[in-house]
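Listed in TrEMBL:
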{"type": "DOMAIN", "residues": "56-369", "note": "domain 'Plant heme peroxidase family profile'"}
{"type": "DISULFID", "residues": "CYS66-CYS142", "note": "disulfide bond"}
{"type": "SITE", "residues": "ARG93", "note": "site 'Transition state stabilizer'"}
{"type": "ACT_SITE", "residues": "HIS97", "note": "active site, proton acceptor"}
{"type": "BINDING", "residues": "ASP98, VAL101, GLY103, ASP105, SER107, GLU116", "note": "Ca(2+) 1 binding site"}
{"type": "DISULFID", "residues": "CYS99-CYS104", "note": "disulfide bond"}
{"type": "DISULFID", "residues": "CYS148-CYS365", "note": "disulfide bond"}
{"type": "BINDING", "residues": "PRO189", "note": "substrate binding site"}
{"type": "BINDING", "residues": "HIS230", "note": "heme b binding site"}
{"type": "BINDING", "residues": "ASP285, ASP293", "note": "Ca(2+) 2 binding site"}
Amino acid sequence: MCLAPTPITIKDVIPIPTLHLNHYPQIFVAMEALYSNNKTPILFLIILAMSALGQGTRVGFYRTTCPRAEIIVQSVVQSFVNSNPTIAPGLLRMFFHDCFVRGCDASILLDVSYAEKTAPPNSRLRGFEVIDAAKSQLETICPGVVSCADILALAARDSVVQSGGLWWEVRTGRRDGLVSRECDATNLPGRKDSIEVQIKKFAEKGLNIQDLVTLTGKLSTKNTTTVYGHNITNGTDLLIKKSMDVFMGFHDHPGGHTIGTTACALLCSSLCPEGGDGAKRVDLDTGSVHKFDISYYENLKNGRGILESDSQLWNDPRTQRFVEWFLGGSRQQQSKFSVEFGKSMVRLGDVGVKTGDKGEIHRVCNAIN
């Protein structure tokens, strides 16, 4: 049940972000300013600041406690992706779905009654075996040290690198959550969400419009009601048919066009015939299967956004300017996008993390200790 009220903590009253050592000067400057204005007791601020600083994630969290942690995760991801390239977008999508529900706490991995993974948007998630394999190896050499939440964050990064993207630093030190509820997944961005709704959902997680446009092109596969991730993924016949129905029924309405006519004709005639297999996967990025690139944005410009939420990115000026920023097939443009994608993934990875004495380190990723 999702009706039980959540206990209010000090973080609900005064949000405390993930902080790092280089934040010390800013913290104490802010405290001094507040104290000089007699707004907040200085001792209270010091307690809050020191508590947050002592519990933040950081790059190299396992450098002394499990030095090979990142290498092991990278090796496992590489092995799985080499055998099955569709694992890469699956891991990206799983990470996004995990962070967007209860924060980046690996609650998407738990096998409990009415768990997150059983929610309709999560019904076709894949890559669980990759996380389990990495966790098994890590428990052998560093038992009880590396969290499943961190394994998933690292695996998402490594899947991008395996698909041709640039490497970025992943902050680690997350702990695993103790709650996983199917009904919490209703706040995931959906394929029918308006731009207003998409922007609002991202803002609620501390993510901006650029993050929305950047992550939309790369995260997760198109096989349920969540629509993030095109260029190294594919989608299912059923979802594309639903999007076609929207196009065919509303293309004459102002603002109702959601699918490029060329894309619709192609998919209708060859990929998704009447009575076809609803679980069939088809490519949603022309000439870009299993590659981490920026063709998704060219497709949007050319009217080849397959899903409703895709085309809206080009049709709304708030998001279109970021789409235009990523247009162009040059190596420089691809590099620019990869850098920005890494930055957005870092911000995504900071959403709702549990550190310090929150949560636990699961011994196996699908169960609470």
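From the backbone N, Cα and C atoms, a Cβ is placed for every residue, glycine too.
Note that TrEMBL annotation is computational and uncurated.
Every protein chain shown contributes to the tally, and the Cβ of CYS66 (disulfide bond) ends up with 18 other Cβ atoms within 10 Å. Counting Cβ atoms from all protein chains shown, ARG93 (site 'Transition state stabilizer') has 29 others lying within 10 Å of its own Cβ. Cα proximity to CYS99 (disulfide bond) (within 10 Å) is found for the following recorded positions from CYS66, ASP105, SER107, GLU116, CYS142, CYS148: ASP105, SER107.
CYS99 (disulfide bond) counts 28 other C-beta atoms within 10 Å of its own C-beta, drawing on all protein chains shown.
Excluding ASP98, VAL101, GLY103, ASP105, SER107, GLU116, which define the Ca(2+) 1 site, the same chain contributes HIS97, CYS99, PHE100, ARG102, CYS104, ALA106, ILE108, GLY177, SER180, ASP184, GLY352 within 8 Å (Cβ to the Cβ centroid), listed in sequence order. Non-local neighbourhood of CYS142 (disulfide bond): TYR62, THR65, CYS66, ARG68, ALA69, each in the same chain, at least six residues away, with C-beta under 8 Å from its C-beta.
Counting every protein chain shown, the Cβ of GLY103 (Ca(2+) 1 binding site) has 21 other Cβ atoms within 10 Å. Considering only the recorded positions HIS97, ASP98, SER107, GLU116, the residues lying within 10 A of the residue listed as 'substrate binding site' on a C-alpha to C-alpha basis are HIS97. For GLU116 (Ca(2+) 1 binding site), the number of other Cβ atoms no farther than 10 Å from its own Cβ, over all displayed protein chains, is 26.
Put simply, ASP98 (Ca(2+) 1 binding site) is 6 Å from CYS104 (disulfide bond) when counted between their Cα atoms. GLY103 (Ca(2+) 1 binding site) sits 9 Å from the residue listed as 'active site, proton acceptor', taking the CA atoms of both as reference points.
Cα separation, ARG93 (site 'Transition state stabilizer') to VAL101 (Ca(2+) 1 binding site), rounded: 13 Å.
Listed in sequence order, the recorded positions near the residue listed as 'active site, proton acceptor' (C-alpha within 10 Å of its C-alpha) are GLU116, out of ASP105, GLU116, CYS148, CYS365. Among the binding-site residues ASP98, VAL101, GLU116, the residue whose Cα lies closest in space to that of CYS148 (disulfide bond) is ASP98.
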